[in-house]
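Undergrad: From TrEMBL, for reference:
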DOMAIN    1-26  domain 'EF-hand'
TRANSMEM  118-136  transmembrane segment
TRANSMEM  258-278  transmembrane segment
TRANSMEM  298-322  transmembrane segment
DOMAIN    352-478  domain 'FAD-binding FR-type'
Amino acid sequence: NRVDKDADGRITEEEVKEIITLSAAANNLKKVSEQSEEYARLIMEELDPNNLGYIELYNLEMLLLQAPSQSMGIGTTNSRNLSQMLSQHLRPTAEPNPLRRWYRRASYFLEDNWRRCWVILLWLSICVGLFTWKFMQYRERAVFKVMGYCVCVAKGGAETLKFNMALILLPVCRNTITWFRNRTAAGRFVPFDDNINFHKVIAAGISVGAGLHIISHLTCDFPRLLHATEEEYEPMKRFFGDDQPPNYWWFVKGTEGWTGLVMLVLMAIAFTLAMPWFRRGRLSLPKPLNRLTGFNAFWYSHHLFVIVYALLIVHGHFLYLTKKWQKKSTWMYLAVPMVMYACERLTRALRSSVRPVKILKVAVYPGNVLSLHFSKPQGFRYKSGQYIFVNCAAVSPFQWHPFSITSAPQDDYVSVHIRTLGDWTRELKNVFSKVCRPPTEGKSGLLRAEYDRDVGAMSNPSFPKVLIDGPYGAPAQDYKQYDIVLLVGLGIGATPMISIIKDIINNMKRLEGDVESGNPGDASTSASFRTRRAYFYWVTREQGSFEWFRGVMDEIAESDKKSVIELHNYCTSVYEDGDARSALIAMLQSLNHAKNGVDIVSGTRVKTHFARPNWRNVYKRIALNHREQRVGKYQTHFVSRVHTQFVGSITGMLGKLHIMDTMLSFVLSR
């Protein structure tokens, strides 16, 4: 009635267009609003077959009610059927006994985290053991009579500090970790994919060890030594000299003192700028302090570790209480890890320099996403789900950033999709936008540039030089060992999943081709590829995000004749099905998909769902459809609403359904 201004019960095409524009604005669908004229004609064709130039208001109301009622009816029926089937196997109420409830939760937790638990327990045991060993050792020494338990605590903290300073380098040896997880069975027992999290845990251990060492020395050991009587100081002469230290400055100016204080300052800077508030730029600081936030500040401050390790070796050599070189153990802790890390950095530098890549295509998409297609370097082999590091000297000659590979291993190129979320990615987008132009008709993206082999070098765009390093292992690369795969991506977190679904289609095509031609193919390949069904749930709040992988979606919808991959796109900016505010959008979606085979929200052949997925129903349906099968669930930058207890109850009640939940613990687009 608000649009029917003359209240005659008739609506013209212009008024229909206005309704569509209002509904699109309410659901944050900018592209639908831009195409409102086209969709208004579509409604008029449906409701005005006699070309009267208007439609009756009640006809439009009936059409509006039809689409949401159908979608609600289908969803309700499916949910009801699922609930009835599950009720035969699942308990309708929670466990009343609190002990059993606690035991069940603990068992689910250990089932998911036992690898992490034993590694953390081992690390804590070593730290406690080293602290206790050093503590007891200094209790028996002469210095204990002067400094008391303070020196025991200081030396115990120092011992754990040396161990952790050596250990913290190992989780960032990416090539070594990738080799172990790909070539050995260690991945079954060691959570290599949590390397960065373990790196952070060790950093916390370093903070504790350094705190115990420094505070004990400054507030207890040194004051006791300064105020010791001549008789008490007599046994200390062989450590501190014949003359008793007169003041604090004596300790500070010595090599042991100034190296320790400089290390403390540098480590405090690196630790502070590594905090999420600084690293992700969440703090709004005035100029020029704003330079302390963002990834650049984190990256450069973290490389102060070179100075810290040099000072640590010097500090560990000039010790007050240890004079024999064979008892100075700092270099013994650090030698092997430092050599390993140096070889790691050297390998990365050499590999990236001897594997030049040529940029084949650049595209800038809505939502501040940059797509880069590189030529595949000779001998470059990777698995779907892995990631590479990218360097662009035009932005920073030193910084390397990780991004998931979105191309499939069978493609003759390597591609990444990078969302602008920080200072480095923002500058990278700006650099490549300068060489791009608006796309020609039929091409996606806001800006594009492509390398054409058929024209001369002068006619091709001059792209900035880019280096890549990798590939490196990630949890999703192991998807082939599962019969059924559930892939969940939120926004740009869908990048590794795109590579996986392309790889699944390619593998299925190859296996089908071998069967049709009578060629059994590679038996080892067939055995290693167990996946026969995949569910892909992509959740994004912006309509423009669907342009990022529109070509992939259409390719899968066209080539997946046997429905191996079930695609589910969700746009959370649209109100859920059944809501009056999205009723018109649902109607337009049904009409356009029936007529043109294209979804009005995503612009692909895959029909988009509204609002967020009902994860409980998703798990229910997969559990019922695939009993006695292994289900691998991979999700990136996203936490499902379904509790582990619910998943565990499905696993326990339905028999041999194995739901393997793997979280990617790093965000692959900064």
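Glycine is treated like the rest: Cβ placed from N, Cα and C.
Mind running through what each feature is packed against?
TA: For the domain 'EF-hand' (1-26), the model's pLDDT averages out at 74.
Beyond the ends of the transmembrane segment (258-278), by six or more residues, the same chain brings 203, 206-207, 210, 214, 252, 292-294, 297-298, 301-302, 304-305, 307-308, 311-312, 314-315, 318 to within a C-beta distance below 8 angstroms of the stretch.
If one looks beyond the transmembrane segment (298-322) by at least 6 residues along the same chain, the residues whose Cβ comes under 8 Å of a Cβ in the stretch are 141, 143, 151, 155, 162, 165, 239-240, 254-256, 259-260, 262-263, 266-267, 269-270, 273-274, 278-279, 328-331, 334, 338, 398-399.
Across the domain 'FAD-binding FR-type' (352-478), DSSP helix (H, G, I), strand (E, B) and coil residues number 18 helix, 44 strand, 65 coil.
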